[in-house]
Ligand SMILES: NC(=O)C1=CN([C@@H]2O[C@H](COP(=O)(O)OP(=O)(O)OC[C@H]3O[C@@H](n4cnc5c(N)ncnc54)[C@H](O)[C@@H]3O)[C@@H](O)[C@H]2O)[C@@H](O)CC1
Ligand SMILES: [K+]
């Protein structure tokens, strides 16, 4: 069964994103890859640190969406083998720590996880928490988390990742996507088939340029951006002016400015 796209949250396409009254720049995939590189190589902020922040923020957003407590709530977490999936594995662990019943569903066999995602998986295994790498999750969860593919998407989703995207879209449970709904090429805004139809998307660090594309926006749901600890010095080096959007909270909602108007300075709308 295929589903129709949910109605867009924003009635008109976005021209720019805001957090409160603060403009939030978008980044290209090239810039985001450079952010990742500089974090590790120039500042010694490891991927493990960033991923822990990402997964903790994702778990916190899931908890908010489920009303403030996850005790006894069923959550399905779909995890690819890349760093997006690694963030999902962190979120799964934290949600289990907080009392949720989490079904961790992997795209690949555990032997095919490497690097930091493998490290996150091995923590779950050391804790004897079950993970599933075959079949489809049981239906009936209160929330599905999509940590299948992030900005590493290279073509239309294939194989088991595609099967899990179809499965998630067919469930009644809302989908919380990590960084991007899987199936979107975040740089260009190309929507592949299949692609996740998210109720909410928790963006890491900064929104990606493709999120301004009108075809992408109906798939994003409510947009939030999470602090993963990128220092302002790094953004400045890339020519990005990022104001203190996380001064009060680690995760903030993004609103949309629908057009720039004749002066180029319209107020943001919710
Ligand atoms: N500094 C950052 O920005 C951080 C990024 N993180 C996450 O890491 C993501 C990027 O990680 P990666 O570069 O590892 O890439 P991804 O995890 O986005 O994607 C790579 C994985 O997706 C699979 N894949 C790619 N195209 C596919 C297709 N067409 N069909 C099926 N499978 C496909 C690959 O086989 C691989 O397993 C970001 O989107 C973000 O979510 C976080 O983990 C923490 C830090
Ligand atoms: K995703």
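Backbone N, Cα and C define each Cβ position, glycine as well.
Over in TrEMBL, the protein carries these features:
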- 83, 84, 85, 86, 87, 150, 151, 152, 153, 154, 155, 156, 179: (6S)-NADPHX binding site (BINDING)
- 84, 146, 182: K(+) binding site (BINDING)
- 32-236: domain 'YjeF N-terminal' (DOMAIN)
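Of all the binding-site residues listed here (83, 85, 87, 153), 153 has the Cα closest to the Cα of residue 182 (K(+) binding site). Here residue 179 ((6S)-NADPHX binding site) is positioned 9 angstrom away from residue 146 (K(+) binding site), judged by their C-alpha atoms. Close to the recorded K(+) site, the chain also has 78, 80, 85, 88, 147, 148, 149, 150, 177, 178, 179, 180, 181, 196: residues not among 84, 146, 182 whose Cβ is within 8 Å of the site's Cβ mean position. Set side by side, the binding-site residues 87, 146, 151, 179, 182 differ in how many other CB atoms lie within 10 angstroms of their CB, and the most is found at 87. Only 182 of the binding-site residues listed as 83, 87, 151, 153, 155, 182 bring a Cβ under 6 Å of any atom of ligand 2; the order follows the sequence. On its own chain, residue 155 ((6S)-NADPHX binding site) has 192 as residues at least 6 apart in sequence with a Cβ closer than 8 Å to its own Cβ. If you measure from the Cα atom of residue 151 ((6S)-NADPHX binding site) to that of residue 84 (K(+) binding site), you get 8 Å.
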